[in-house]
């Protein structure tokens with residue numbers, strides 16, 4: 001099963017979930033704090049985007065990337081997913 005988180009042990013998946021989740025929260029908070037510096041809007045965009053990517057990665061470790069993508073692109077979540085991905089890509 002290529003790209004399937006189930007090949008990892010439960011402990012490994014939970015550990016990497018926690019690491020990515022904490023990294024995402026730290027990046028998001030750091031980005032918000034840097035917003036108040038001169039030219040902080042660019043730093044905010046970079047760190048907040050990294051935080052969102054890390055948060056998405058964290059759930060991939062719990063669900064697996066394929067299941068995560070299937071859930072994100074369900075009809076009821078499609079608009080929110082597309083808007084989020086377009087915004088993340090526009091900041092990079």
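Residue numbering: from 1, along the chain as shown.
For all residues, glycine too, the Cβ spot is worked out from N, Cα and C.
Fair warning: this is a prediction, and the values are worked out from it, not measured in the lab.
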Transmembrane segment according to TrEMBL, located in which of 43-63, 64-84: 43-63
Tertiary contacts of the transmembrane segment (43-63) (same chain, 6+ residues out, Cβ under 8 Å): 5, 8, 13-14, 16-21, 23-32, 34-35, 37, 71, 84, 88, 91-92
